[in-house]
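Notes to accompany the following structure.
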């Protein structure tokens, strides 16, 4: 029995990067032998075990064969006679199909096992598929795109790009389950350059199948005096990259991605203006979130940002009453942390424009000041003075907040 570290751990070590995850393959062993060494079985489709001390995952070497369309249609074979190279050949990219032996004390020993030229592709900064079996798993398209967001200087090898296009044309991505699509998109959004993920998906045609709402933004013009980059799709990519550069949360990055969906449906005769695109963005965003089963916290923030980002940009022109109405519509008084993230997404929107990446955004500070003042109003005390009159209580609290905001930010009621 031999144990090998495989995949990303070897790749990242060769690149001089911190190793995020460690995966192990066991060659020449049976499930019974693993159990005898106190490894705990956890795999459903094939034997995966947890180490008794470190709780890291160890998988028996296996081969796999495509039996049906989509992500789940595979038949696995595992036995002591499956070799390391047979296990590595089923992997997606050459840079992920390398291994090193692990000694009994856990140290990596011996040379890098690299049967498919992964080290050469690392040096050339190429994503290249291991073999023809790449086409059997449509998730690999999403994974290549996600890796592009992490390793932004890498390019997809031409033959790999051709295979990805063929998979899309064959309808393979249409069989992906929503949870897996969201998982890969979310992971890609959290990488350093998420725009690269969407570029790769767009180049192979997968973006139009997976996120047609985003694909439709490319080529839609905006006013050059507000958006020197002009193209709405380019703008959205700049916004998500700015959000990534600031280290914002997944919810903020998703809101940044989806805030302008409605611009794709602007009537051609009014372009490049986009009056009312905020409402159309909300109408497109709701079914998108339902289709991909987007988590509630991401969906809810994205809806606030899509609906209100135009108003957030205009707060320097607002009086206190309009500011309070905006805070109330955004539910900022009950959910100040979410509103803080809405301001981050709005600032990313303002700075995701060509030549305006460092432009000041005083709107955020004004809204923070307004929210502090509005939340300082003692609604309970006002309610006690007007017991039994709900309509009057609501109006009195609103007016008190308007007065507080007017005083705090120095604007008229």
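Heads up, the Cβ atoms here are built off N, Cα and C, so glycines get one too.
The CTP binding site feature in Swiss-Prot is assigned to 8, 11, 91, 143, 146. Taking a C-beta cut-off of under 8 Å and a sequence gap of six or more, residue 91 (CTP binding site) has these contacts in its own chain: 6, 7, 97, 130.
For 8, 11, 91, 143, 146, the entry in Swiss-Prot reads ATP binding site, with the evidence type sequence analysis. Sequence-distant contacts (6 or more apart, same chain, Cβ under 8 Å) of residue 8 (CTP binding site) comprise 19, 20, 21, 23, 96. The secondary structure of residue 8 (CTP binding site), as reduced to three states from DSSP, is helical.
The feature Mg(2+) binding site is assigned by Swiss-Prot to 21, 23.
Residues or ranges marked as domain 'HD' in Swiss-Prot: 232-333.
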Note = Record-listed ATP binders 8, 11, 91, 143, 146 have a maximum CA to CA distance, in Å, of 16
Task = May I have the list of same-chain residues other than 8, 11, 91, 143, 146 whose Cβ is within 8 Å of the Cβ centroid of the recorded CTP site, in sequence order?
result = 7, 92, 93, 95, 96, 147
Inquiry  = At 10 angstroms around each C-beta, which of the binding-site residues 11, 143, 146 has the fewest other C-beta atoms nearby?
reply    = 143
Note = According to DSSP, residue 146 (CTP binding site) sits in helix
Key: Cβ neighbours of residue 21 (Mg(2+) binding site) where a neighbour is any other Cβ within 10 Å   = 10
Task = Report the mean pLDDT of the predicted model across the domain 'HD' (232-333), rounded to a whole number.
result = 96
